[in-house]
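For reference, the structure is listed below as structure tokens.
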Amino acid sequence: MEVVILAAGQGKRMRSVLPKVLQPLAGKPMLSHVLDAARTLAARRICVVYGHGGEVVRERLDAADLAWARQEPQLGTGHAVQQALPHLTDGDLALVLYGDVPLIGVPTLQRLAAAAGDTRLALLTVELDNPTGYGRILRDAAGRVVRIVEEKDASDAERRVREVNTGILVAPVARLRAWLGSLRNDNAQGEYYLTDIIGMAVAEDIEVVTVQPDAVSETLGVNSKPQLAELERIHQRNIAQRLMEDGVTLIDPARIDVRGELVCGRDVEIDVNCVFEGRVELGDGVRIGANCVVRDARIGSGTRVAPFSHIEQTVMGPACVIGPYARTRPGTELGEDVHLGNFVEVKNSVIAAHSKANHLAYVGDADVGQRVNIGAGTITCNYDGANKFRTVIEDDVFIGSDTQLVAPVRVGRGATLGAGTTLTKDAPPEQLTVSRAKQLSIAGWKRPVKQR
């Protein structure tokens, strides 16, 4: 099977300079969702028909498995599919999808293709309580589809029909090529309607069959920001439902956003207003507190992430305790039972098992050993204004509060750094290292008085 994706719409109602099919849904362009469905079907060829802002679309999403066809000017859906014909092979089937219908499901498309077989024209239709704006499916007395009439061309009786065309169809490429070559634009819009091929199929005694989607939401298109927001909520509810069916506890399934892939072990609990981006893996028994953002991370079993923490491109071992208000940045690796408390930031660092930085610290470009205690206010000074340098802290080190480690520097195994130390040279193992100005008490000193 070959797939044609129509993605040339202008999207004026979006009121955006970004082409409509690039508007984000669940963290990626709408068109990407449709491409994912086509790829899951193992389509032999995928052709994207682009128009408005097309070069931007192509630059953003171009890939080796995609063909591109430009529609200029834009003269309707039939004209759009015509532009893809040079990329299609007679003897195969063509599936027509839409770049602004992002929730179409693969099982639905598989049933549609099966219904088409090798010779039939298969249409995806839905029944709506309010079919305003959609082309109506017209059937004869025997229930056979005879044609589709667009709403602007429909009579009052035809407008009362509730079964509507979604635009998604499967047809033999050879027949599609012939039908499209016979299209006329003598209609209210002066456009070449793809739907007119149904009448041609009926006239040629080609069987026209219909399939209903698993959910109406699969066929909903997006023309405005409110509609985009509606589909976002539908999509997130579907994700939340699947997570709960897999055993994840969601404190409120209406308040989670997954903008990528979330893989969870057993007995995972996620509190409200959490956002997961990219690929995130949560081990057994992981608990994520409220208002956390987790991006491209792997979190080990039994780890607890307290509220308002941000985790990005991080690997965490089991039984860690993170937050609240902690931040791990790209390149962070945490061993077992690592504690990062409130207002601790870690970047591009490896922290080994059982080490702790419980509050108010910055650990950047560092290698931290096991059982290290990092006191409040500790900073690894890793940047000299031009280059980054690493800090090495060996096992069993105790770092007092308000300590600065000016990289490159090494703290030996079992060393203790006194509070307030500014370390500019390596600290030897098993020794106390302190660098402080001598404490003075000045007798008779008085605070300045504000002049009147």
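In case you wondered, yes, glycine gets a Cβ from its N, Cα and C as well.
In the three-state DSSP reading, GLY99 (UDP-N-acetyl-alpha-D-glucosamine binding site) counts as coil. Summarising the annotation, Swiss-Prot assigns UDP-N-acetyl-alpha-D-glucosamine binding site to 6-9, LYS20, GLN71, 76-77, 98-100, GLY135, GLU150, ASN165, ASN223, ARG329, LYS347, TYR362, ASN373.
Sequence-distant contacts of ASN223 (Mg(2+) binding site), defined as residues of its own chain at least six apart whose C-beta falls under 8 angstroms from its C-beta, comprise GLY11, ARG13, MET14, LYS20, ASP100. According to its DSSP assignment, ASN223 (Mg(2+) binding site) is coil. Residues or ranges marked as Mg(2+) binding site in Swiss-Prot (evidence: sequence analysis): ASP100, ASN223.
Regional average pLDDT for the region 'Linker' (226-246) in the model is 98. Residues or ranges marked as region 'Linker' in Swiss-Prot: 226-246.
Summarising the annotation, Swiss-Prot assigns region 'N-acetyltransferase' to 247-452 and lists sequence analysis as the type of evidence.
Under the heading active site, proton acceptor, Swiss-Prot lists HIS359. DSSP assigns HIS359 (active site, proton acceptor) to a strand in the three-state reduction. Taking all protein chains in view, 19 other C-beta atoms sit within 10 angstroms of the C-beta of HIS359 (active site, proton acceptor).
What Swiss-Prot lists as acetyl-CoA binding site is ALA376, ASN382, TYR383, SER401, ALA419, ARG436, and the listing cites sequence analysis. Under the DSSP three-state reduction, ALA419 (acetyl-CoA binding site) is assigned to coil, being neither helix nor strand. If you draw a 10 Å sphere around the CB of ALA419 (acetyl-CoA binding site), it holds 15 other CB atoms from the protein chains shown.
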Considering Cα atoms only, can you say which of HIS359, TYR383, ARG436 is the nearest neighbour of GLY76 (UDP-N-acetyl-alpha-D-glucosamine binding site) among these recorded positions? TYR383
Measuring Cα to Cα across ALA376, ASN382, TYR383, SER401, ALA419, ARG436, which the record gives as the acetyl-CoA binders, how far apart are the two most distant ones in Å? 22
DSSP state at LEU6 (UDP-N-acetyl-alpha-D-glucosamine binding site), helix/strand/coil: strand
Between the Cα atoms of ASN373 (UDP-N-acetyl-alpha-D-glucosamine binding site) and HIS359 (active site, proton acceptor), find the distance and write it as a whole number of Å. 11
Rounded to a whole angstrom, what is the C-alpha distance between ALA419 (acetyl-CoA binding site) and HIS359 (active site, proton acceptor)? 15
Hey, of the binding-site residues listed (ARG329, ARG436), which one tops the CB count within 10 A? ARG329
Under 8 Å Cβ-Cβ from GLY99 (UDP-N-acetyl-alpha-D-glucosamine binding site), six or more apart in the same chain: what's there? ILE5, LEU6, ALA7, GLY9, LYS20, VAL21, MET30, LEU31, VAL34, VAL48
